[in-house]
Amino acid sequence: MIYPDYRPRRLRRNENLRSLVRETVLTPAQLIYPLFVMPGKNKREEISSMPGVFRLSVDQLAKEAKECRKLGVNHVILFGLPEKKDRVGSGAHATDGIIQRAIKELKNKAPELTVSTDVCLCEYTSHGHCGIIHEGMVDNDATVEVLARTALSHAKAGADIVAPSDMMDGRVGEIRAALDEHNFDQVAIMSYAVKYASAFYGPFRDAADCAPQEGDRRGYQMDPANAREALREATLDVEEGADILMVKPGMPYLDIIRLLRDEFDHPIAAYQVSGEYAMLKAAAINGWLDEERVMAESLLSLRRAGADMILTYFAKQMAKLL
Ligand code: PBG
Ligand code: ZN
């Protein structure tokens with residue numbers, strides 16, 4: 001037996017030593033908590049495929065915000081379920097739309113909280129696609145115009161960050177221009193720069209009632225087979241003025257997070273999406289996985305891959321542990 005001079009186990013002997021050499025840390029300040037906002041009063045509906053996640057009416061938001069703040073989670077992202085939908089997604093940019101009211105409520109009752117908003121049309125269109133449909137196709141340029149109006153309406157309501165998730169070409173630039181033109185030059189853009197056409201969004205589409213009635217999103221979201229294309233998408237968004245680049249989903253795309261981390265200086269966000277949450281929860285509920293440990297490990301892995309911040313339905317639960 002030849003004894004090695006260097007023994008990695010020396011620094012794993014106890015928690016003090018392990019924490020001394022730990023390369024990656026996770027803090028509540030790096031977590032962004034998604035909120036689903038629904039019409040009505042006193043509503044708090046659990047989403048069946050996402051145990052522990054609720055749709056809330058606007059009047060419930062202040063309480064939720066206080067809970068987040070208490071746990072050190074200072075940042076939420078809003079998704080809206082409008083009262084009614086139409087073919088062009090008018091509800092997305094209505095002055096008194098569900099998200100616009102939600103932003104105002106949060107800014108009034110919990111001004112310390114940073115509020116991001118998802119900018120897309122799929123929750124607001126009757127057909128469930130992320131844009132305006134012309135001749136059976138999602139019309140890129142017509143959609144971009146509506147997205148810019150939507151982002152501007154969020155900024156007017158008080159949003160700190162707008163996050164376009166539609167994957168139309170050129171939308172970041174148009175949104176930046178619209179914001180700047182109206183003196184919202186301090187409103188940041190967190191671009192869903194690299195968003196794959198993923199089956200892991202399933203539970204979210206139930207939660208936000210936004211599954212396409214016909215067809216799928218592969219005509220605008222990225223092909224899961226592509227990595228180099230992620231660099232082109234991110235490059236475009238940087239050139240158009242994105243402040244934060246997001247990769248979505250998270251765990252199946254750790255290589256893409258690392259790729260962007262190595263190639264760009266911009267802050268990078270990872271979205272641990274609904275399907276990732278649902279599968280961990282389901283296994284935990286069945287007693288097949290240790291919930292706290294897989295939650296912590298999955299989030300730490302996103303950080304290790306290079307994400308500065310993480311959007312996750314576990315945000316509050318994780319923060320409680322930290
Ligand atoms: C809307 C949007 C989706 C998600 C975030 N914004 C759904 C989709 O693109 O189909 C997915 C989030 C999740 O699964 O947690 N475009
Ligand atoms: Zn969409």
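First residue shown is number 1, and so on along the chain.
Glycine residues also receive a Cβ, built from the backbone N, Cα and C atoms like all the rest.
Following the DSSP three-state reduction, the secondary structure of K195 (active site, schiff-base intermediate with substrate) is strand. Within its own chain, K195 (active site, schiff-base intermediate with substrate) has S165, M167, Q221, M222, M246, K248 as residues 6 or more apart in sequence whose C-beta sits under 8 angstroms from its own. Look at TrEMBL and you will find K195 (among others) tagged as active site, schiff-base intermediate with substrate.
Its Cβ taken as reference, K248 (active site, schiff-base intermediate with substrate) is surrounded by 24 other Cβ atoms within 10 Å in the chains shown. Annotation comment: TrEMBL describes K248 (among others) as active site, schiff-base intermediate with substrate.
Taking all protein chains in view, 23 other C-beta atoms sit within 10 angstroms of the C-beta of C122 (Zn(2+) binding site). According to TrEMBL, the Zn(2+) binding site annotation covers C120, C122, C130.
All protein chains included, R217 (5-aminolevulinate 1 binding site) registers 21 other Cβ atoms within 10 Å of its own Cβ. According to TrEMBL, the 5-aminolevulinate 1 binding site annotation covers R205, R217.
For S274 (5-aminolevulinate 2 binding site), other Cβ atoms within 10 Å of its Cβ number 24. Per TrEMBL, the feature 5-aminolevulinate 2 binding site maps to S274, Y313.
Candidate binding-site residues: R205, R217, Y313. Not one of them has a Cβ under 6 Å from ligand 2. For the recorded Zn(2+) site, residues C120, C122, C130 set the reference point as the centre of their Cβ atoms, and the other residues of that chain within 8 Å of it by Cβ are G89, L121, E123, T125, H129, G131, S165, D166, C210.
The 10 Å shell around the Cβ of C130 (Zn(2+) binding site) contains 26 further Cβ atoms across the protein chains shown. All protein chains shown were included, and the count of other CB atoms within 10 Å of the CB of Y313 (5-aminolevulinate 2 binding site) stands at 26. Neighbour list (R205 (5-aminolevulinate 1 binding site), Cβ cut-off 8 Å, at least 6 residues apart, same chain): A211.
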